[in-house]
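Undergrad: My questions all concern the structure below.
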Amino acid sequence: MELFYFVVFGALAAVVAALELSKNSKDRITTSPAFNSFKNNYLVVYSLMMAGDWLQGPYVYYLYSTYGFGKGDIGQLFIAGFGSSMLFGTIVGSLADKQGRRRACVTYCITYILSCITKHSPEYRVLMVGRVLGGIATSLLFSAFESWLVAEHNKRGFEQQWLSLTFSKAIFLGNGLVAILSGLFGNLLVDSLSLGPVAPFDAAACFLAIGMAIILSSWTENFGDPSENKDLLTQFRGAAIAIASDEKIALLGAIQSLFEGSMYTFVFLWTPALSPNDEEIPHGFIFATFMLASMLGSSLASRLMARSSPRVESYMQIVFVISSASLLLPIITNFLVAPSKERGGSISFAGCLQLLGFCTFEACVGIFWPSIMKMRSQYIPEEARSTIMNFFRIPLNIFVCVVLYNVDAFPITIMFGMCSIFLFVASILQRRLMAISDKPKMESWTAMDPESEPLND
């Protein structure tokens, strides 16, 4: 492996370690023992849930290819996953608000475990069912757990600022450290122990089962809108009214969709960008480097959110501009650096520059996650939190499905340019959100619903 990869990884590791060790009282939030116990319990569960997700990611495509499926069939399987997340995500989100967030978290575990079990079958129909189950699970992962955390945090009377501490630690551990360890563990199972590409899915199921046991034994239930007279359609209408009536919620949804759409597109594009002539690149090591960059971002976010200034709405404008610029690098290097025509070999000079830009983008991702969680906790009404959060994912899933379907139709520079434009638009919308962030919060969405019953005097 080339020295360049070790230098980048080592430099990022040193910066992350320095940031964590150099935190002073201004960078830390003083909390209570009761909150620390609550936070640590959630972090253990969230880390197990993310381990179950990260273990599967690197091996899904590989597993399908070992079963003999071509690129077209595999693409359809991936589209099925995002499509089911789009179609069923809002429904399961609404059920989480009405039937209970704890129950929804348990449903996530069961659904994803079943999805893992289907990976043992080489039958296309069974694998398709697994992708549908996986799409439903993904919707729950990115809505039910956060909704439970925010509601439980408020129910227990903890200070609002302490939420940012849980968010930043969850991303630092779940989207950083756990991702790196999951990649190494998966590599151990598949390559070192030669247990086959289905082994990481079995390991993921075990981690999910352990997390489910902790949820069942230590979590209490909480709800969004517990009223008995509201069916799913009424909940959808209420969530839509909330988004349409409050500009802050609408802006937040648009910002999230633009950023996450660019992020998921980047996941498909970074490999061909770094190896346009089939250069030999260490995919696993680069993935670990990206996750380390994400940890750097979440460490920065924890410092920023521990202070009253600058506000989240303010510094995220800069983050979106930097992320937009970082994804312009493949276009810039394509013009300024003469492309190599030699097939194979090691990573090119242009590839090295792009890798540094991609690490910058991943650092922005690490800042984005806890920051968007903080803003969602401030602006999204509690009664329909999971429903609204899954509404936000509808345009995201449509966008990703379109990209997957047309991934070979456009040059890679066009795709990166599109992502860069989306991120720049997100910065503009973030600026607008900053301008109106001090406006009074909208009234309860249940009160705005024309079918809701008036309160008796």
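Glycine residues also receive a Cβ, built from the backbone N, Cα and C atoms like all the rest.
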Undergrad: Which range, 128-149, 238-259, does TrEMBL list as transmembrane segment?
TA: 128-149
Undergrad: Cβ under 8 Å to the transmembrane segment (318-338), counting only same-chain residues 6 or more beyond its ends: which ones?
TA: 255, 259, 262, 266, 273, 348-350, 353-354, 356-358, 360-361, 364-365, 367-368, 371, 412-413, 416-417, 419-421, 423-424, 426-427, 430
Undergrad: Which one of these stretches, 170-189, 285-306, 390-406, has the most C-beta pairs shorter than 8 Å to the transmembrane segment (76-96)?
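TA: Against the transmembrane segment (76-96), the leading stretch is 390-406.
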Undergrad: Do the transmembrane segment (170-189) and the transmembrane segment (344-369) come together with 3 or more C-beta pairs under 8 Å, pairs six or more apart in sequence?
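TA: Taking Cβ pairs at least 6 residues apart, the transmembrane segment (344-369) and the transmembrane segment (170-189) are in contact, with 3 or more under 8 Å.
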Undergrad: What stretch, picked from 128-149, 344-369, 412-429, has the most CB pairs under 8 A with the transmembrane segment (285-306)?
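TA: Stretch with maximum Cβ contacts: 344-369.
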